[in-house]
Structures are given as structure tokens and as C-alpha cells.
Amino acid sequence: MIIVLLGAPGAGKGTQSVLVAEKYGLKHISTGDLLREEIANNTELGKQAKKLIDGGNLVPDEMILGLLKNAFLNRGKGVVLDGFPRTLSQAEMMHPIVKGLAEKLSAVINIKLSEDEITQRIVLRRQCKNCGNIFNLRFIKNFDGKCPKCGSTDIYQRADDNEESAKNRINVYHSQTEPVVGFYKNKTYYKEVDGSKNKEEVFEEISKFINRKK
């Protein structure tokens, strides 16, 4: 089974990807995590990627697709792709790779959210340094300064989680990622869900659709 989760920044792709992976026993794949792993392991690909990133350049699609191919080799029951493909060219390049696998593309789920909600979520997003948990103050009543997952007080806000950055990322989403939605929109395995609901409700809607497409 191969599941793709799309959506604007702050829509909850990461959260829902983890939940889907846990429920269906799938491998959670984030291209950002794959890149960071290659860089941390000082692989040849990691060295090339680091040089590009340090120079303020984007990592080319070919390099990302190479990472994805390697990740697919150890996919087990299947994968959840977290926020990938991000561009139309990535979607087009990924298509023949998926066609060559035994599993089919089971579901492409687009988490919809208004621009105001996206901005608020990005600004209120926090991460735990201890366990890596990402959470949102918007959904926590009477936040006590502790990570909801591990209880650590070592909480921080990522440097790019601010209003100006949110606007820039929304613009990039409209110009680069919305065409990906058009690529999949008329497929029977495409589904839009309302991301303004709480994560449990969103997950329930996603799960119902996946169950129908398994």
C-alpha cells in the first residue's frame, strides 16, 4: 500500500502521516528526514545535498527521487509519503517508479485549510528538543510549558515558524504544490479532507477512505 498525504504547510501532514503509518503498519517517509539522515551519515549523496543546502540552493528532484527509490526498497507492507511530491515534476517522475512496484498507489489525500488557519498554526507550532515531538499550542488548553508526549520542558519554536515565513510558504505552495493536486484530482484514489477539524476527526476521515481503497 502506498499513501500520499498532501496539503499546505501547517495543515497537519506530518501528524496524520505518523498516525496512518502506525495504524496500517506502513513506513513513514519524509524526504526532509531522508535528507537529514544522509547528511548525518556523511554519505556521498549527503555531502552533495549539504553543499547545495548550505549554498542556499534547492536539492534537485533527481536526488530526491534517488532517496525515495532507496527508501522503497525496505518498505515492508508499504509507505506513507509525507508531503511528497511537492511539485508537478516530482509527481510525474514518481509515477513510473510507483508503477514498477508490486503495491499500487492506494490513496492521495489532500488536507485542506484556509490561509488564516495555516498562518496561525505555523506561528503556534512548537517542537520538543528531547523527543522531537511537534505539537501546536492552538490545540492545547492551558499549556504548562511541557511536551505533551514526554513531559520535557525543553521546548522551542523553529526559526521559520513566523508570520512572514508563513506567507512566503503559502505563496510557494500555491505556485509549486497546487499543480500536484491537479495531477491527482480526477483519480478515483484522490480525496480532500477538511483540515480545520481536530486531528482525531481528520484521522477518522482519512482512515475511512483508506479502508475503502485497500
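Note: Cβ is positioned from N, Cα and C throughout, glycine not excepted.
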- prompt: Which stretch, out of 124-161, 162-199, is listed as region 'LID' by Swiss-Prot?
  reply: 124-161
Lowest local Cβ density among GLY10, GLY12, GLY14, which the record lists as binding-site residues, within 10 Å: GLY14
Query: Looking only at the region 'LID' (124-161), what is the mean pLDDT?
result: 93
- prompt: C-alpha of CYS131 (Zn(2+) binding site) to C-alpha of ARG158 (AMP binding site): distance in Å?
  reply: 15
Message: When you rank GLY12, CYS128, CYS150 by Cα distance to ARG158 (AMP binding site), which of the binding-site residues ends up on top as the closest?
response: CYS128
Query: When you average the Cβ positions of CYS128, CYS131, CYS147, CYS150 for the Zn(2+) site, which other residues in that chain have a Cβ within 8 Å of that mean position?
result: LYS129, ASN130, GLY132, ASN133, PRO148, LYS149, GLY151, SER152, ASP154
